[in-house]
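Worksheet for the structure shown next.
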Amino acid sequence: MSTSNHTGVSHTVFRLLGIPGLEDQHMWISIPFAISYVIALLGNSLLIFMILTKQTLHGPMYLFLCMLAAADIVLSTSTIPQMLAIFWFNAGEISLDRCITQLFCIYSTFVSESGILLVMAFDRYIAICYPLRYTNILTNSLIGKIAMTIFLRSYGTIVPIIFLLKRLTFCKGNTLPNTGCKHIVLARISCDDIRVNIWYGFFVLMSTLVLDIVLIFVSYVLILRAVFHMPSQDARHKALNTCGSHVCVIVLFYGPAIFTTLTQRFGHHIAPHIHVLLANVSILIAPMVNPIIYGVKTKPIWEQVVHVLCRQQK
C-alpha cells in the first residue's frame with residue numbers, strides 16, 4: 001500500500017473494544033477469566049515459593065520449572081488485567097507506547113516460555129539417557145547460561161517489532177477490535193506498506209516456536225528410543241512417568257496456540273469474537289493449568305504442598 005494515502009494524522013491513542021459483538025456480555029465473560037487469573041497467580045506463586053525455599057527442590061528440573069512459573073505469571077499479567085479493565089470499567093483507551101510495551105511483553109514472554117519448554121525436554125533427555133552424568137552436565141553455571149540465552153533470544157527477536165511499528169503512520173483509525181494489543185492487528189490500521197511486518201512476524205514464528213516444536217519432537221524421539229531399550233519394565237514405566245507432566249504442559253501450551261493460529265489463517269468465516277476469545281483462552285490456559293499438573297504429577301512437589309498445608313492447619 002502506498003504511503004500517499006496518508007491523511008496527515010497518525011493516532012497515538014487507541015481504543016480497545018474488548019470482544020467485538022459481545023460488548024453486552026463482557027461482565028459475564030469476565031468471571032471465568034478473573035477466576036482463572038487468580039488461580040494462575042496463586043498456583044505459580046506457590047510453585048515458585050516451594051522451589052526457592054525447599055532445598056530438596058533445587059535440582060535442574062525444578063529450577064527450569066521455576067522459570068516456567070515466572071514466565072506464566074508475566075504472560076497472564078500482561079493480558080488479563082487489561083482485559084478485565086475493559087470488561088469492568090470500559091477502560092479501553094491505550095497509548096501507542098503502552099500498546100507496544102504490552103505486545104512486547106506478551107510476545108517476548110511467549111517466546112521465552114517456548115524456549116523453557118525446549119530446555120525442559122533437553123533436561124528429560126539427559127535425565128533418562130545419561131542419569132549418572134545428570135548433575136555433572138546440568139550444573140548451576142550451565143543453567144544460568146541457558147536462562148540468559150533463552151531471555152536474550154526472546155528479547156532479541158521481539159525488539160525489532162518495536163521499530164517496525166514505530167515507523168508506521170496509524171491513519172486508518174484508532175479502534176482495535178481486541179482485548180489487547182497485537183502486532184498485526186495494530187499494523188493493519190496503518191496506511192503504510194506492512195509487508196515487512198508480516199514477513200518478520202513469520203520469521204519470528206519459524207525461528208522460535210516452530211523450531212522449538214521440532215527440537216522438542218526430536219528430543220522425545222530420542223527419549224522414547226532410550227526408554228524402549230531399557231531391560232526393566234519398571235524402569236521404562238518410571239522413565240515415561242517423569243516425562244508425563246512435561247508432555248501435558250507442552251500440549252496445553254502449543255496446542256491452543258496452533259489451533260488459534262490456524263483458525264485465524266483459514267477460518268475467515270468464523271465470527272471475530274470467536275477469534276478473540278480463542279486467542280485469550282490460549283494465552284491463559286497454560287499459566288492456569290501448569291502448576292496444577294506439576295503439583296499433582298510431581299511427587300516431591302506434591303509432598304511439599306501437603307506438608308505446608310498440614311502444618312498450617314495445625
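Cβ atoms are placed via backbone N, Cα and C, with glycine included.
Curation does not apply to TrEMBL; its annotations are automatic.
Remember, predicted model here, so these are calculated numbers, not experimental data.
Per TrEMBL, the features are:
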{"type": "DOMAIN", "residues": "43-294", "note": "domain 'G-protein coupled receptors family 1 profile'"}
{"type": "TRANSMEM", "residues": "27-50", "note": "transmembrane segment"}
{"type": "TRANSMEM", "residues": "62-88", "note": "transmembrane segment"}
{"type": "TRANSMEM", "residues": "100-122", "note": "transmembrane segment"}
{"type": "TRANSMEM", "residues": "142-165", "note": "transmembrane segment"}
{"type": "TRANSMEM", "residues": "198-227", "note": "transmembrane segment"}
{"type": "TRANSMEM", "residues": "239-262", "note": "transmembrane segment"}
{"type": "TRANSMEM", "residues": "274-294", "note": "transmembrane segment"}
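Per-residue confidence over the domain 'G-protein coupled receptors family 1 profile' (43-294) averages out at a pLDDT of 89. Taking pairs at least six residues apart, the transmembrane segment (62-88) and the transmembrane segment (274-294) share three or more Cβ pairs below 8 Å and count as touching. Using a Cβ-Cβ cut-off under 8 Å and counting only residues 6 or more beyond its ends in the same chain, the transmembrane segment (142-165) has close neighbours at 60, 63-64, 67, 100, 103-104, 107-109, 111-112, 115-116, 119, 183, 186-187, 196-197, 200-201, 204, 207-208.
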